[in-house]
Amino acid sequence: MAIESINVAGNDNGSKKRRCGCTKQDFLPEPSFQSCETYLKALSNTRSRLKDRLLARSTDDAELHEMRGRSGHEMKKTLNWWDVIWFGIGAVMGSGIFVLTGEAARNHAGPAVVVSYLISGITALLSVLCYTEFCIELPVAGGSFTYIRVELGDFVAYIAAGNILFEYVVGGASVARSWTSYLATLFNKDPASFRFHVSSIPEGYNYLDPIAVAISVVICIAACTSTKMSSRFNSIATVVHLVVLLFILIAGLTKANPQHFSPFAPHGIRGILKATSILFFAYVGFDGVATLGEEVKNPGRDIPIGLIGSMSVVIILYCLLSATLIFMQPYDQIDVDAPFTLAFQAVGLKWANYIVAIGALKGMTTVLLANILGQARYFTHIARTHMAPPFLAAINEKTGTPVNATIIMTVFNSIVGFFTSLDVLANLLSLATLFIFSLVALALLVRRYYVRGETKCSDRNKLIGFLVLIVGSSIATAATWAAGNNGWIGFAVTVPIWFLATLGLKMAVKEAKKPKLWGVPLMPWIPSASIAVNVFIMASIDSASYIRFGIWTLLLLVYYVFIALHASYDAAKDATDTTPAATDTNLELGGVSQVNH
C-alpha cells in the first residue's frame, strides 16, 4: 500500500514523502507512545488529560487554518453549486425509494405514504439547513465532526466521529450489497443468487458477497483519482438515474387508478408517523456532501444552492414516485421487498422491471461514490486532530484527494459488505445517523447564543437551562409516543414545555453570533424542531439497535482512554508550545495551555 506521509507536528505543513508499507510512526508518532515508559507515564496522567480534553473546544480559525495545514497539501477547489446539487441528489437518491416505499405503504401509511414522504423530507430539510450554515462558516473536510468539536468540545466530537464513521461504513456496505441484489434481478435471478453461502459461518454473516467488494474497489479508484472527475461521473450517472425515474413516473401514470387512494390513511395518524420514521432514511446521505466544503470554490453561494436545492428536488421526486406506486396498485397488494418491480408486473408492464433495476443500480452507484468521498474526508479531518492515525490526514499532492483515508475506509466497507446481511446493517445504521443530526442542531444553537469570553454568565446559564428543557421535553415526547398510549395527556405536557423553552431561548437570551454570509432562518425554532423530530424518530427504533449503539460507544470509549486521548493531547500541546501568541481563547485546544501554565 502506498502511504502518503506528512510531518506530524501540530502546526506546520510538513514535508511529504512516499513509500510502501507502514511503520509505527505512521500510526502513533506522538511523544506518549515512543516507549513503554512514556506510555505508562501518559496513562498515569489519564485523569488530568481527560479533564483537559472534556473542557477543550476548537475554534473556527484553528479548523480553517491550523488543521488544514496538518495535511501537508491543500485539497483542490474544483466544485461549484452545480456540482454540489448533483452530489446532493446522487448522495440521497439510492435504493431507498425502491425498497422502503413498499413496507411503509403496505404495513403502515397506505396511500398516505405520500404524506409520510413529505413529512420525513421536511424533517430532513431541517437538518440540511443546520448543516448548510455550518458548512458555509466552516468549509472544511471534517463536516459534522468539525461543527461539534468547535461548539460542544473535543470529547463529544470524538464520540460523534466514531458514530459518523460507523454510519458511513454500515451505509456503504449496505448499499454495496443492495447493488449485488439489483444486479441479480437485472438478470432475472434471485437477489441472493450472486452470493456464496457458507454454512459454517453464523446466520446473518454467511452469504459472502464478492461483487459488493468489487464495486467498492472501483468506486474507491474513482474517488482517489480526482474529485472533479468524480463529480462529472456523478453528474452523468445522476442524470441517467433521473431519466429512469421520469420514465417510471410517466409509464406508471399511464396505468393510474385514482380509486386506489381510498381509504387514504387506513391506519390513522399513528400509521403515517410510523411510516415517516421508516422513510426518513431514504433522505440520509446529504451530510456527506457537507464534507466537500473544503473543495467548493465559493462556499457562501454554492453550498446553500447545492444542499437546499438538491434536497428540494429529492423531496418532490419521492412524493411523486410514491403517489405513482399507489396509482398503479392498491396499497394492500404492494410487495414489501420489490414494490415498483411487482407493481409494473401487476399492470402488465413486466418489461419495465429492467428499467427499474437499471435505475436502482445507477442510484446506488452514485450513493456509493458520495459515501466514500464523505467518509474519507471525515476520517482525514479526524486524523488531523490525532484522534485517528495522522498518516490518514495526508492529501496527495498530485490529485488533491485524501488517498490514504479513501483506501482505508474502502477496506472497512468491503470487509463489512462481504460478510454482513442487509437486515443486520439496516438496524445498525439508523440510530447513529439521528444521534449525529441531533448533535449538529444542538451545536448550532450553542454557536448562535454563546461566545466564550463575550456571553454574560447569566445568559450562559439561561442558555443551558433552555437547552436542557428542549432536549428533555423532546425525549419525553418521544418516550410518550413509544409507550403507545392513545391518550394525549403526556403530549399536552411535553409539547408545550418544548414550545415555551424554545420561545424562552428566543426572547430571554441575546443572540451572541450572527452568521457572516448565510444563516438558518427562524432561529432558534428550526434547530430546536430538528432536535425534537430527530429524537422523536429515534423512539421508533428497535431496542437491539440501542444495544449495538451502546456496545459500539463503549468500544469507542476504551480506544479513547488508551489511545486517542493521549494522541490528541500531545498534538494539542505541541500546537500550544509552538504558537507563541497562543491563548486559551484562540487555540484549537485551549485546555492544554491552561494546564501547562
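Yeah, the Cβs are placed from backbone N, Cα and C, and that goes for glycine too.
Taken from TrEMBL, the feature transmembrane segment covers 79-100 (among others).
Long-range Cβ contacts of the transmembrane segment (155-176) within its own chain (Cβ-Cβ under 8 Å, at least 6 residues beyond either end) map to 53-54, 58, 94-95, 143-146, 148-149, 209, 212-213, 215-216, 284-285, 288, 364, 367-368, 371-372, 374-375, 378-379, 382, 387, 409, 412-414, 416-417, 420, 422, 425-426, 428-429, 432-433, 435-436, 439, 549, 552-553, 556-557, 560, 564, 568. The transmembrane segment annotation in TrEMBL covers 155-176 (among others).
As annotated by TrEMBL, transmembrane segment applies to 207-226 (among others).
The transmembrane segment annotation in TrEMBL covers 272-293 (among others). Tertiary proximity for the transmembrane segment (272-293) is limited to same-chain residues at least six positions away from its ends with a CB under 8 Å from its CB atoms, namely 79, 84, 87-88, 91-92, 94, 96-97, 100-101, 103-105, 108-109, 112-113, 115-117, 119-121, 123-124, 127-128, 131-132, 134-136, 138-144, 168, 171, 227, 265, 299, 303, 306-307, 310-311, 314-315, 318, 367, 370-371, 373-375, 377-378, 381, 429-430, 433, 436-437, 481, 536-537, 540-541.
The annotation transmembrane segment is assigned in TrEMBL to 305-331 (among others). Beyond the ends of the transmembrane segment (305-331), by six or more residues, the same chain brings 81-89, 92-93, 97, 101, 105-106, 110-111, 113-114, 117-118, 121-122, 124-125, 128-129, 131-132, 135, 242, 245, 248-249, 252-253, 255-258, 260-261, 266, 279, 282-283, 286, 289-290, 296, 339-340, 342-344, 346-347 to within a C-beta distance below 8 angstroms of the stretch.
The transmembrane segment feature in TrEMBL is assigned to 351-374 (among others). Listed as Cβ neighbours of the transmembrane segment (351-374) (distance under 8 Å, sequence separation of 6 or more from its ends, same chain) are residues 87, 89-95, 97-98, 143, 168, 171-172, 175-176, 178-179, 182-183, 185-186, 215-216, 219-220, 222-223, 227, 230, 233-234, 237-238, 240-241, 244-245, 247-248, 251, 285, 287-289, 291-292, 340-341, 344-345, 406, 409-410, 413.
Positions annotated as transmembrane segment by TrEMBL: 403-422 (among others). Beyond its flanks by at least six residues, the transmembrane segment (403-422) meets 1-4, 165, 168-170, 172-174, 176-178, 181, 201, 204-210, 212-213, 216-217, 219-220, 223-224, 371-372, 375-377, 379-380, 383, 391-394, 396 of its own chain at Cβ-Cβ distances under 8 Å.
Look at TrEMBL and you will find 428-451 (among others) tagged as transmembrane segment.
Here TrEMBL flags 463-482 (among others) as transmembrane segment. Among residues of the same chain six or more beyond the transmembrane segment (463-482), those with a C-beta under 8 A of the stretch's C-beta atoms are 273, 442, 445-446, 449-450, 455, 490-491, 493-495, 497-498, 500-502, 504-505, 508-509, 528, 531-532, 535-536, 538-540.
Sequence annotations record features per position, and here TrEMBL assigns transmembrane segment to 488-505 (among others).
The transmembrane segment feature in TrEMBL is assigned to 517-539 (among others).
Feature annotation from TrEMBL assigns domain 'Cationic amino acid transporter C-terminal' to 518-568. Here the domain 'Cationic amino acid transporter C-terminal' (518-568) has a mean pLDDT of 88 out of 100.
Long-range neighbours of the transmembrane segment (545-565) within the same chain, counting only residues 6 or more positions beyond its ends whose Cβ lies under 8 Å from a Cβ of the stretch, are 28, 43, 46, 49-50, 53, 155, 158-159, 162-163, 166, 386-388, 427-428, 430-432, 435. Taken from TrEMBL, the feature transmembrane segment applies to 545-565 (among others).
Under DSSP, residues within the domain 'Cationic amino acid transporter C-terminal' (518-568) fall into helix, strand and coil as 40 helix, 0 strand, 11 coil. Remote same-chain partners of the transmembrane segment (207-226), defined as residues 6 or more beyond its termini with a Cβ less than 8 Å from a stretch Cβ, comprise 78, 172-173, 176-177, 179-180, 183, 192, 194-198, 233, 365, 368-369, 372-373, 376, 396, 399-401, 403, 406-407, 410, 413-414, 417-419, 421.
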